[in-house]
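Summarising the annotation, TrEMBL assigns transmembrane segment to 97-120, 186-205, 211-232, 322-341, 361-383, 403-424, 455-474, 486-507, 531-551.
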Amino acid sequence: MEAAKVYTQDGTVDLQGRPVLASKTGRWKACSFLLEGYEAFERMAFYGIASNLVNYLTTRLHEDTISSVRNVNNWSGAVWITPIAGAYIADSYIGRFWTFTASSLIYVLGMILLTMAVTVKSLRPTCANGVCNKASSLQIAFFYTSLYTIAIGAGGTKPNISTFGADQFDNYSVGEKKQKVSFFNWWMFSSFLGALFATLGLVYIQENLGWGLGYAIPTVGLLVSLVVFYIGTPFYRHKVIKSDNIAKDLVRVPIVAFKNRKLQCPSDILELHELDSHYYKSTGKRQVHHTSTFRFLDKAAIKSCSRESPCTVTKVEVAKRVLGLTLIWLVTLIPSTLWAQVNTLFVKQGTTLDRTLGSDFQIPAASLGSFVTLSMLVSVPMYDQYFVPFMRKKTGNPRGITILQRLGVGFVIQIIAVAVASAVEVKRMHVIKEFNITSPKQVVPMSIFWLLPQYSLLGIGDVFNAIGLLEFFYDQSPEEMQSLGTTFFTSGIGLGNFLNSFLVTMIDKITSKGGGKSWIGDNLNDSRLDYYYGFLVVISLVNMGLFLLAASKYVYKSDDTKEFGGGCVQMEAKALDTSPLTI
């Protein structure tokens, strides 16, 4: 007798909109095409640009230190901010798969243009004996057009590829839900592999064999990865778009609540406006249970005699959840600013040190970023295979510790990393003074490996921080806007880069005012980076206090089933753990 066909329980479908069999689609089988294919190569492409871009801007386009740092931060910021648009299009209109498809083509186009910008003779500055002529306006315009084409493409790929991977696991299946706990750890592990090749291999190729070859390799790799991704199409599960206009609902709730600010909320929550539970069952949309958080927004659901129609309790609760995520998001901006140092000031710091290894091999300064990746690659399996099971026995939490506790640990490690960077810079300044070094091109007789601790600590911190943030914003977002929710993660990194750009500009202007010595001058041998790093530590400590406050007030989303309005429906927003965060 033929076995009964068992379909996924979360309503996922294939590309034609038909229900999919649980046994033949999704899970790790589908994710392998994403992890082993696209993500590793995309990370290789991105870090192949980002990790060494500051050196290209200073050595080939003759930008000063502040301008190059600012331009790298602005481009990185754009790469991480544009996903807001890509996620909105995916959640509201065409879905993750097709948004990713269109955006990946734009991404590849940008990579091709960038390769041309550093290869075609008429599009790049001419160089002789290691000295490059100043780039023309056309050359500069073409180079930055290429970079920002990549940023536009990233807007549709970044928020959708990771959430598309998470969609391959059915939350209504106990076994698949357990597998999903490890998904983001191994997703980031795949990313780290691509980043490792970029910082070890591509950076060396760019500086020693040519920038054209250094950009052509990840371009070809990206094309190959897309072929691998589409081979896996028959195995993919797709979420059905159930939301109406997400942005309109999110804006309308606070507006209606403000208009009803003088009205008294009823003591019985059943008197608030809500649609019949049969509506949610028939449409497949999720009804959300009322919570006591942000009670001022409940006024948007008051039934009144005014012309303004009330919002449903479900829409109010979605707005509450987004507001809660926003408060957590705000306290992730400073940690993202700390991370921005890896591809900017850490690299410039390394260019001043002794980079020789052996008799004639010179380590590219940007290659030290590989130790961020190496520490991540070592730490992720240890975290997933040892730390989580150990803590699970202690706490009973399937994740070992709560996601916010994971973030808190990561933030603390980041602060220690920047404090170490400041201490190493104090050491560098002492050596500069001891050997009376004044020229910006003089090599400080101090090994570049002094920078290893700060890189390694940031890598370990990111196992808690970056992976935790991606998981937190996906897991805690309302179901109908999980792509858009993930952009809390990407936009936080983007604004962190913009914030670092703003800080270095303002610090430079303030410290150099009246003929003073800039903390971040063109001559790093006559600057005070240790002061800037110390400044970052101070604002990070203040931010840590704010994070602890926000975490202690946060209420986790729940997938429990409760009774509401006479029907048994799927609910969100039950407090799972409202205890203060302890680290």
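The backbone N, Cα and C atoms fix where each Cβ goes, and this holds for glycine too.
Outside the transmembrane segment (361-383), and at least 6 residues removed from its termini, the chain residues within Cβ reach (under 8 Å) are 47, 51-52, 54-55, 185-186, 188-189, 192-193, 195-196, 199-200, 203-204, 206-208, 342-343, 346-351, 353, 355, 448, 451-452, 455-460, 462-464, 467. Sequence-distant neighbours of the transmembrane segment (486-507) (same chain, 6+ residues past either end, Cβ-Cβ under 8 Å): 66, 69-70, 73-74, 76-81, 83-84, 86-87, 158-159, 162-163, 325-326, 328-329, 332-341, 344-345, 469-470, 472-474, 477, 518-520, 532, 535.
Here the transmembrane segment (186-205) has long-range neighbours at 34-36, 39-48, 51-52, 162, 165, 213-214, 217-218, 364, 366-370, 372-374, 376-377, 380-381, 384, 463, 466-467, 470, meaning same-chain residues at least 6 beyond its ends whose C-beta is under 8 angstroms from one of its own. Note on the transmembrane segment (531-551): residues 327-328, 330-335, 337-338, 341, 345, 404-405, 407-408, 411-412, 414-415, 418-419, 421-422, 425, 504, 507, 511, 519-520, 580-581 of its chain, located 6 or more positions outside it, place their CB under 8 angstroms from a CB of the stretch.
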